[in-house]
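Novice: This is the structure, below, for whatever I ask next.
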Amino acid sequence: MFDILLAGLDSFQSWQVIGGVILGTVIGMVVGVLPGLGPLIGIILMLPVTFHMQPVAGMGMLMSIFVAGSCGGAISAIVLRIPGTPLAAATLLDGYPMARNGRAADAIGLAIASSALAGVLGGVVMILGAPALASVATNFGPPEYFALAITGLLSISVVSNESTIKGLMTGALGVLIAMVGSDPLSNAARFTFGTNALSGGINIVAIIVGLFALSEAAVQILEGGLRKKPEVQSVRVSLGSLWMALRHWKNLLRSSAIGVFFGALPGASGIIASFTAYAIARSRPLKGDAPYGEGAEGGVVATESANNAACGGAMIPTLALAIPGDAATAVLLGALLLLGLVPGPQMFALSGDAVGGIFLAFLVSNIVLFFVGMLMTPLFVRVLRVRKQYLVPVVLLLSIVGVYSVQSRVDDLWVMLVFGMLGFGLRRYGYPLAPIVIGLILGPIAEGSYRRTLLFSDNGPWFILERPIASTILAIDIIVLILTLTPSSLRQRAFTLFRKWRA
């Protein structure tokens, strides 16, 4: 492996590689910040440009978009309460409260530093453990993916600050919304009410923008918050963000490991990693940190570390087995083929220098992400200085353009409007919005995996219990659910009795 890395060093003698990484990082930050775009769109838009570049330079630029786009979504979530990507929905839980408390620069700097550090860690794991982790991922079948999806859905009970029941209700609503469209196995239409516009399902970008952006705009308009002067304590970002992230080093390492694990599982969404990392971090808060849900630094560190570490994990099956982990890595897989590289075990033997160059480009892209992010952060923080009477129309315009640009359908704008009103109503009555996103993403994964399990088993749903990994995960899920629904006083009393019994 080290011979491959040494061979890859020759690639960095070309300014085309370095320039591609820097350009890709800037483009990734921009498409990540803008709602409705994201790293996938950025990779697709820049794919034709790579045809005229060296393979390592082209892949370096596309992977930089992949990495920076995953981080950029957190910036709009923190500054405007609009997740630039679905992954940033978890970062919003504590990032936006930090911004409202006058710590926007700290929140963004912390997100960028955590992303860069976790990205480097994920890259190191990708380089050293690709064969082992890829082989583990291939052993996961539908029962294991069903168990993992249930784990992610149970994280709803943790991210619901005020009421677990309300969180589970909105999570169930997200699962129901995800069922609109076509059956995942038979492709038969369901819940479309005879409307062709719903045959392909409801645009998730329109749902997310409506729930978060339009509902926030409605709150500001109807509650008289337009003329209030925003409070921003500091807009200067320095290397202090790096030390701030390192103060949460245990959280960062743990969340990075979670991100790499879930990212290496083909088809498993990074949102599972981010919410799982958030749930674990919330159960182990750092002394002196703010409460979770009210601007905790640990919440931002956990979600952003898991997000970007998942990028390195997702590249493991893509490079080693030619199995893409998600839509973005599927496009990267196609880019490898178009650039003359054949992904899979044979690529390590036939194109070792290119593989080494790609590994190094991934590591360098995360380092560049930190410095480019630090330079661009003041520009995004200044958005908070604009009075909301001017900012709200801009947010609405960006929302409309972003949603329409995905599929160029007017129907998506109506979907955005409907979910904007729904989000406003849910917020007024204290229902959390993040569980809807979890249900939207994980509902189809859980349903598809469960039904595939039934198709390939003779023992019905009990077949899941015959799989050691799946049954272990489900057992842990049941324990977590019982502990979550048990009143805190009763739970504390049980723990006290248990400690006395052990003594």
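Cβ coordinates are placed from backbone N, Cα and C, and glycine is handled just like the others.
In TrEMBL, annotation is done automatically, which means it is predicted and not curated.
From TrEMBL, here are the annotated features:
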type	residues	note
DOMAIN	21-438	domain 'DUF112'
TRANSMEM	21-47	transmembrane segment
TRANSMEM	59-80	transmembrane segment
TRANSMEM	107-133	transmembrane segment
TRANSMEM	145-161	transmembrane segment
TRANSMEM	168-185	transmembrane segment
TRANSMEM	197-219	transmembrane segment
TRANSMEM	257-281	transmembrane segment
TRANSMEM	322-342	transmembrane segment
TRANSMEM	354-377	transmembrane segment
TRANSMEM	389-406	transmembrane segment
TRANSMEM	469-490	transmembrane segment
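What does the local environment look like for each feature on the list?
Specialist: Across the domain 'DUF112' (21-438), the model assigns an average pLDDT of 80.
Residues 17, 20-35, 38-40, 42-43, 46-47, 49-50, 53, 87-89, 91-92, 95-96, 98-99, 104, 107-108, 111-112, 115-116, 119, 213, 216, 270, 300, 303-304, 307-308, 310-311, 315, 328-329, 331-332, 335-336, 339, 341, 357-358, 361-362, 364-366, 368-369, 372-373, 377, 380-381, 383-384, 391, 395 of the same chain sit 6 or more residues outside the transmembrane segment (59-80) yet have a Cβ under 8 Å from a Cβ within it.
Packing against the transmembrane segment (168-185) from elsewhere in the chain are residues 153, 156-157, 160, 191-192, 198-202, 207, 426, 431-433, 435-444, 446-448, 451-452, 455: each is 6 or more residues past its ends and has a CB under 8 Å from a CB in it.
Residues 35-36, 80-83, 86, 89, 92, 177-178, 180-182, 189, 191, 225, 392, 395-396, 399, 402-403, 406-407, 409, 411-413, 415-424, 426-427, 433, 436-437, 440-441 of the same chain lie 6+ residues outside the transmembrane segment (197-219) yet bring a C-beta within less than 8 angstroms of a C-beta in it.
Sequence-remote contacts of a segment are chain residues at least 6 beyond its ends whose Cβ falls under 8 Å from one of its Cβ atoms, and for the transmembrane segment (257-281) they are 70, 86-87, 89-91, 93, 118, 121-122, 125-126, 133-134, 136-137, 140, 145, 148-149, 151-152, 155, 158-159, 251, 292, 298-299, 301-303, 305-314, 316-317, 323-326, 437-438, 441-442, 445.
Note on the transmembrane segment (354-377): residues 4-12, 17-18, 21-22, 24-26, 29, 55-56, 59-60, 63-64, 67-68, 71, 75, 105, 108-109, 112-113, 115-116, 119-120, 123-124, 126-127, 237-239, 241-242, 308, 312, 315, 319, 341, 347-348 of its chain, located 6 or more positions outside it, place their CB under 8 angstroms from a CB of the stretch.
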Novice: So which residues does the transmembrane segment (21-47) touch in its own chain, when a touch means Cβ under 8 Å and the partner is 6 or more beyond its ends?
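Specialist: Distal contacts: 60-76, 82-85, 205, 208-209, 213, 327-328, 331-332, 334-335, 338, 361, 364-365, 368-369, 372-373, 376, 380, 398-399, 401-403, 405-406.
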